[in-house]
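What follows is a short report on a single structure.
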Amino acid sequence: MKSLPTFIIAAATLAVLVVLAGRNGRTYCNTICPVGTVLGFLSRYSLFRITIDSEKCNQCSLCSRNCKAACINFKEHQIDASRCVVCMNCIEKCKHGAISYKYHPFGKPAAGKADSEQINETRRSFFTATALVAATSVLKAQEKKVDGGLAAIEDKKIPERSTPLTPPGSLSACNMAQHCTACQLCVSACPNQVLRPSADLRKLMQPEMSYERGYCRPECTKCSEVCPAGAIRPITKADKSSVQIGHAVWVKKNCIPLTDGVQCGNCARHCPTGAIQMVPSIPEDKDSPKIPVINVERCIGCGACENLCPARPFSAIYVEGHERHRII
């Protein structure tokens, strides 16, 4: 699946909404949604509200069963004005005329004990479901992969980047943050699984680039073709080849010619711009292990070197992003 975090968040949100709506009607709107919370606060001080006449009420519970907002405590003859949506269903259902909509002086109505307990229970259920989804994701991430000989294969880990990578056509990290609506169209369209939703709270669910599963091929412009918000502007294949979204950085301690004493050169062979060359690690000794040298002026940050580097768990070469894209 191209975007497992997006699917998990969407499925968990839908599941919580279904459970809360099925059990308690508009509980999500009244207790979790910030808009509902603000409206609920204002409703506490409404001049007109629905009230129950305790002398006429025979506690048949018809009003409570038909309340969309589950805000009626018929046993205490109380209606929580902060959750009431004034649908008038209770007035229509009451056969004894015990419920009416009338003027009420200023004053904060006391919510019944049962209402408070119901709200707390709803919040506990919401956070419990969120914790369960998070725990499942962690366990899934820890599952081991094996090759044909049942040897464990260690997945690549995301390197620490000072500046996040944004796709060609996005112009800059600032432009992406300002215009992106996190619609996930680019994530779904990316054939190389380079784009994925960000977990950073400052840009939650907005796409960012990472090269553990693939790299940004110079001939691909899918993300710029589907973006509806202008966060990733249309870009031609020719223009993309001249846009530098970042530059490669070599990490000596991870490079296998030095750590394992074997020949490699994978990064240099697959660099589409020829920005990487292999040179002897000891200049005076031509037979010494060869290591990559990066020409930053030619590198476009496509990530082919990082993705195809055989070093595990961290690549010996990774791409550091640029705040603003450059033309080379």
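The first residue you see is number 1, and the count goes up from there.
Just so it is clear, glycine is given a Cβ too, placed from its N, Cα and C backbone atoms.
Nobody curates TrEMBL annotations by hand; they come from automatic prediction.
Keep in mind the model is a prediction, meaning the values are calculated, not measured.
The domain '4Fe-4S ferredoxin-type' feature in TrEMBL is assigned to 48-77 (among others).
Annotation comment: TrEMBL describes 78-104 (among others) as domain '4Fe-4S ferredoxin-type'. Same-chain neighbours of the domain '4Fe-4S ferredoxin-type' (78-104): 26, 30-31, 40-41, 43-44, 46-58, 60, 62-64, 66-72, 110-112, 115, counting only residues six or more beyond its ends whose CB sits under 8 Å from a CB of the stretch.
Positions annotated as domain '4Fe-4S ferredoxin-type' by TrEMBL: 169-200 (among others). Helix, strand and coil counts under DSSP for the domain '4Fe-4S ferredoxin-type' (169-200) come to 12 helix, 4 strand, 16 coil.
If you look up TrEMBL, you'll see 205-237 (among others) marked as domain '4Fe-4S ferredoxin-type'. The list of residues near the domain '4Fe-4S ferredoxin-type' (205-237) in space but at least 6 beyond its ends in sequence, with Cβ under 8 angstroms from a Cβ of it, reads 6, 9, 155-158, 164-171, 175-187, 189-198, 243, 245, 272, 300-304, 306-308, 315, 318-319, 321.
The domain '4Fe-4S ferredoxin-type' annotation in TrEMBL covers 262-281 (among others). Looking only at the domain '4Fe-4S ferredoxin-type' (262-281), the predicted model's pLDDT averages out at 96.
The domain '4Fe-4S ferredoxin-type' feature in TrEMBL is assigned to 290-322 (among others).
Beyond the ends of the domain '4Fe-4S ferredoxin-type' (290-322), by six or more residues, the same chain brings 154-157, 159, 161-166, 173, 194, 209, 211-218, 241-252, 254-259, 263-268, 270-281, 328 to within a C-beta distance below 8 angstroms of the stretch.
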